[in-house]
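Colleague: The structure that follows is given in the form of C-alpha cells.
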Number of protein chains: 2
Amino acid sequence: MKIINGSVCAPRGFLAQGVEAGIKKIDKKEVAIIYSTEPCTAAGVFTSNKVRAACIDYNKACLADSTARAIVANSGNANACTGEQGIKDSQRMADLTGELLGIEGSDVLVGSTGVIGVFMPMEKVEKGIRKAAAALSRDGEHNAAQAIMTTDLTSKELAIEIEIKGKPVRIGGIAKGSGMIHPNMATMLAFITTDAAIDSKCLQKMVKAAADRSFNMISVDRDTSTNDMLVVLANALAGNPLIDVEGSEDYLLLQEALDFLCISLAKMIARDGEGATRLIEVQVVNAADYEEARQIARSITASNLTKAAVFGEDANWGRILAAAGYSGADFDPGRVDIYLGQEKMAENGMGLIFNEERARQELKQDPVLIKVDLKSGKEQATAWGCDLSYDYVRINAAYRT
Amino acid sequence: MKIINGSVCAPRGFLAQGVEAGIKKIDKKEVAIIYSTEPCTAAGVFTSNKVRAACIDYNKACLADSTARAIVANSGNANACTGEQGIKDSQRMADLTGELLGIEGSDVLVGSTGVIGVFMPMEKVEKGIRKAAAALSRDGEHNAAQAIMTTDLTSKELAIEIEIKGKPVRIGGIAKGSGMIHPNMATMLAFITTDAAIDSKCLQKMVKAAADRSFNMISVDRDTSTNDMLVVLANALAGNPLIDVEGSEDYLLLQEALDFLCISLAKMIARDGEGATRLIEVQVVNAADYEEARQIARSITASNLTKAAVFGEDANWGRILAAAGYSGADFDPGRVDIYLGQEKMAENGMGLIFNEERARQELKQDPVLIKVDLKSGKEQATAWGCDLSYDYVRINAAYRT
C-alpha cells in the first residue's frame, strides 16, 4: 500500500471541481461535483440522527439500486429541517447535475453542510452547479475538497494505491468536518472514489466496516450531526478481477486500504476539530470484548474534562479513568493501567508516582497518545478526538455566517 | 409547603459543623459533620460509574440496615482510585466520627469530593473530624455547606416545612457540585435531613424518585462523577404518624416536598456549573413517553453546541433540534415546535421567521427557558444545565489545587 498524489481523481475515470457560488457571505468555494466517466457501484452510510437533512433521505432512496455516477455537494447550508421544500431542493440539485452531465438524476448523490433550518438559496446553488459541471477536470479535486469546507481550517484529501492480482487499484477521498462531529453511522461528508471492481454487496459491507473503525471513532464535541454521510463510488476501471466474495484475499486487501484511507481522513477531521490545538488518540487494549473497548475509547475522547486537561497539559489520568467508568462498558477498574505516551500514570486502577516533566512533554505532543490497558483479553479499539480550547467556545458562541 | 431558614439543621434534632483542616492549599473549610441526636432511617442513591470512590461502596454496605445517624464528609480529595488504602481511610473516617459522637461507626456515612487518585491526607482529615465533632451546633450548618465545596462559587442550602396530619415536618439539605456533573443515579454530594417519621422502604423509594426528577436531570459537562451521592436521614422527631404505605396521602405530601427540595438544590448546582453564566431549563412537553421526554431534555442540556450558543446569545434552534435527534428517543421531528422563552422559533420541525431582538432578550434571561413541544402525547420532563463559557475551559485546563 502506498500513498499517491491527489484525492478523488487519483483513481482512473474520475473528474471533479469546486467553485464559488455566493452562498456564504465571504469569498469561499461552496459547490462541488465529483463525476465518474463510467457507471459505478456505490455504497454509503448515513447519520443515525432522527433529525436528518433532506439529502440523507434522498441518497438512501437513490442508493437502493447500488449505483451512482456523480456527487453534487454544497457548503453554507445544511438543507436540514427544511421540510418539503428541502426535499425538492435536493432533488433539483441531482436533476440539474444529471442533466448537465448527461446522466440520470437518479445516479447523482447529494451532500449539503452548513446552517440548519434555512431554505437553500437555489438560484446561487444552481449557478454553482452549472459552473462546476462546465469545469470538471482531474485537478479540480482540490477545489472540490475546499468547496465542502465550513469551519474547517484545512481541506482533507488523500489517495492510496494497492495491487490486486497484479493490477494497481487506487482509492481516493475527500472529507470535511470540524464541529458537530460525533458520527454515529458515518461522518459529515466524506466522498471516496475507487477504480476497484467490486460488487455492491461487498462494497456496502466494506464501507460499513471502514466507517465503524474510522469516522465512527472520532469526536469533536459529542454532537451527532444531521447531515453525516460517507459515500463510495467504485467504477471498476482498475481491471482487477471482480471482488464478489466477502472475506476473500482481494476483499481483505481492499478493505485494509479503505480502512487506512478512512482512518486517515477521520484523523484529519478530529485534528481540525473546532478550536483544537492537538489530536488525541486513545487506544484501549487487552479488552475482553471489542464493543466494550470501543465504548471506552469513545467515551474518553468525548469527555470535556479530559479534553480540557489535554489543552491545559494536565496529566489528569483520574478524568480518563472516570470517563471509562461511565462509558457503559463492563470492566474491572481495579485492573486498569493508563499510559500517557511512554509514561505509565496508573496501575491496577491506582495512581503511580510519575515524572511530571515527562508527562507534560507527552501532553505537548501532537497527537497526544493515551493508552488504557484493561488486562482482560485480546480485543482492542482506537478512537480519536481533540482538545477543548477557548477557541471552541469562541467559534460556537458567535453567530455564524 | 413553605421555605424556612437554614438547611440540614432546620429539622429538629440535627446538628452540624464544617471546619478548616489544611487539606487544600488555600484557606477553606474541608471537613463537615452532620449528626442526629436520635436514630434515623436512612436511604441513598449513588453514582452508576464503574469507577467508584471508596466511600460509595462503604456507604452502600453501611445502608444495608437502612439506618444511620451521622455523615462525615471532606472536600479536597475524592478518595477515588485509591485501592485498599482508600477503603481503610473511609472506614477510619466513619469509625473516628462514631467514636467521637458516641455512636457506632457503622451508623456514620462518608462523603468525599476533590482530586481523584491521590491518597487521603488522613492526619489532616482526622484533625478536621475532631475539630468538627467538638463544635457541632445548629448554626454549624452553613459551615458544613461550605466545607463540601470544591470549584463551587456558592454554597447550596435550603429547608422547607410542610404539615402532615397537623404536625409540621421539616426537610433540609445541602449539596455541592460544579464540574464533573452529569449524575446518573444521584449527584456529587447532597445531604438531606428530615424529622419526618417514615419507614425505610418508603424512604428509599421516595429518594430514588426525587433523585430521578432532580439531580439526575442536571448536567454541567456530561462527565458522570466517581463520587456522586444523595443521602437522606429521617429521625421521626416531627411526630407525624409513621409513613409506611407507598402512595398514601402523607407519602405523596412528603414526596412533593422532597422533590421540591432536591430540584431546588439540583438547579443551584447547574447554575453554579463551572464557568456558567446562566441556568438553562429545558422543558419537553406533550411527549408520548416519559422516558423519551427525559432523554431529549437531558440530551439538549448536555449539548456543547447548544450550551455555547446560549453563552453567545445565539438563537440557534437547529442545534437544539439536532441534540433531540441524537438523544436516542423515538419521535417525529416533523411535529416538533421549539420555543425560546415566549418566542416561538420553529414549528413542525422547520424554522419560523422570528423577532431576533426578542429572541436575544430571551437568551439574556437567567434561567434561559427552552421548550420543546413534541405534540404527540401527554408526558413531560424538565432538565437543567448551564452555558459553556471560556471559563469552563480555563477552570478545567488549569492544574487544580
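Glycine is no exception: its Cβ is also placed from the backbone N, Cα and C atoms.
TrEMBL annotations: computationally assigned, not manually curated.
As annotated by TrEMBL, substrate binding site applies to A:THR150, A:LYS176, A:THR187, A:GLU274, A:ASN396, A:THR401. Feature annotation from TrEMBL assigns active site, nucleophile to A:THR187.
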Colleague: I'd like to know which of the binding-site residues A:THR150, A:ASN396 has the most other Cβ atoms within 10 Å of its Cβ.
Modeller: A:ASN396
Colleague: Could you check what DSSP calls A:ASN396 (substrate binding site) once collapsed to helix, strand or coil?
Modeller: helix
Colleague: Let's check the environment of A:GLU274 (substrate binding site): how many other CB atoms sit within 10 Å of its CB?
Modeller: 27
Colleague: Hey, which of our binding-site residues A:THR150, A:LYS176, A:GLU274 end up with a Cβ under 8 Å from chain B?
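Modeller: From A:THR150, A:LYS176, A:GLU274, none lies near chain B.
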Colleague: Is it possible to get the count of other C-beta atoms within 10 angstroms of the C-beta of A:LYS176 (substrate binding site)?
Modeller: 29
